[in-house]
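One structure is given here, and the rest of the page talks about it.
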Amino acid sequence: MPTEPYIQPMHVLNEAPILCIVGPTGAGKTHLAMSLAEHAKSIGLTIELISMDSALVYRGLDIGSAKPTKAEQDAFIHHLIDIIDPTEVYSAARFANDAKRLCLEIRERGNVPVVVGGTMLYWRAWAHGLSSLPPANSEIRARLDEEGKSIGWPAMHDKLAKVDPETAARLKPNDSQRVQRALEVFEIIGKPMSVLLADSPSEDGREGSAIPSWIDLISLEPRDRKRLHLNLEKRFDEMLTAEFMNEVKALHANTRLHTDLPAIRSVGYRQAWEFLNGEIDAEQMRYKALVATRQLGKRQLTWLRAIEGRKTFDPFNPEELKAALDYCKSNLKK
C-alpha cells in the first residue's frame, strides 16, 4: 500500500498563523469566508479557501451539502471540493495531509490560505494529528461486515465491549462503521483502540483541546438556538424546491452507491435515500433530516466549546458578525 508523502509539521513555519473559520452547520461560515476573500481582493491579496467539510469533497453532492455555487467557485479559489466520487472514502488523515500540503503551497505562491468548515474530526486531525492506527485490512473488514449483517450491530457492539469497553462506551450500538473499525483494530494489533489512542501524542505535543500556535481559530457560535433551527428548516425547504430530490435520484440510480458509504450517510442524503427506498414518507424524511441536522449542529458546538482559546462571535448579532470580519481583515495585515 503506497504511503502518503511526508508533509512538514506546520508549527515549524515562521509565519503568521493560518486563519481557520469554524462553526456549526448553518452559522454562516462560507459567507464570512467569501466576504473576507472579497476584501482581500480589494487590497491586492488573493485568498485561497480550503474546505474543511466532509460532504463537499464528493462530486454530485451539491444541493444537499450547500456546496458553493459555480459562480462562487469561479470568483474565488477553492480547494478540496469535488475531488472524489461518492463511491470513495475520504478520511480525516487524508484531509490533514491535503490541508497541510495546500497551506504550504498557497503560501509559496504568495497567497493567503484560509481553512473553513465544520467537520471537527478533520479539525482535530489537521490541528493535532491522529494516532498511528493501522491501515484498513479488507479481509478482516469484509468478514466483520458479514458478521454484523448476520447477528446485528448491537451484538457486534457487545463483542467490542468485552475487548475494548472504553471505546464501546462512547459508541452507539448501531454505529456500524465505528464499531467495525474498533473491532478491526483489535484484531490487527491485538490490543484495544482506546489504549492506542491514549498512547499517541499529538503532532506538537499539546492536548486536543488546545489550539496550535500556527492556527488562528475563529468560531461562529449562535447564541439563539431557536433562530439557528429556523434557519436550518428554511434552508432544507429551499433545498427541496431547488431539485435536491432530483440530485438524490441521480445518485440513487447508481447501483454502486449504498448507505454504508460515508457520502450517502451525509445528513439529508441518508434520509432522502430512505424515502426513495420506500422506507419513510416525505413528511418523515423532512422531519428526520431536520432532527439529524440539529443533532449535527449540537455535536459541533459541543466540540467547539471544548477548544480553549478560540475567538467566538455570534453570527446572528450584526455587531459581532462585523467584529468577526474586522478581526479576520486584521489577520491579513500581519
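Just so you know, glycine gets a Cβ as well, placed from its N, Cα and C.
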Of the residue ranges 22-26, 177-181, 252-256, 307-311, the one that Swiss-Prot records as region 'Interaction with substrate tRNA': 177-181
53-56, 61-64, 73-76, 133-136 - the one Swiss-Prot records as region 'Interaction with substrate tRNA': 53-56
Cβ-based isolation winner (fewest other Cβ atoms within 10 Å) among the binding-site residues Pro24, Gly26, Gly28: Gly28
Distant-in-sequence Cβ neighbours of Ala27 (ATP binding site), under 8 Å, six or more positions away: Gly118, Leu220, Glu221, Pro222, Leu228, Pro315
Same-chain residue ranges lying at least 6 outside the region 'Interaction with substrate tRNA' (53-56) that approach it to Cβ under 8 Å: 64-65, 67, 80-82, 90, 117-119, 121-122, 262-263, 266-267
Distance [Cα-Cα, Å, rounded] between Gly23 (ATP binding site) and Thr119 (site 'Interaction with substrate tRNA'): 9
Cα-to-Cα gap, Arg141 (site 'Interaction with substrate tRNA') vs Thr25 (ATP binding site), nearest whole Å: 32
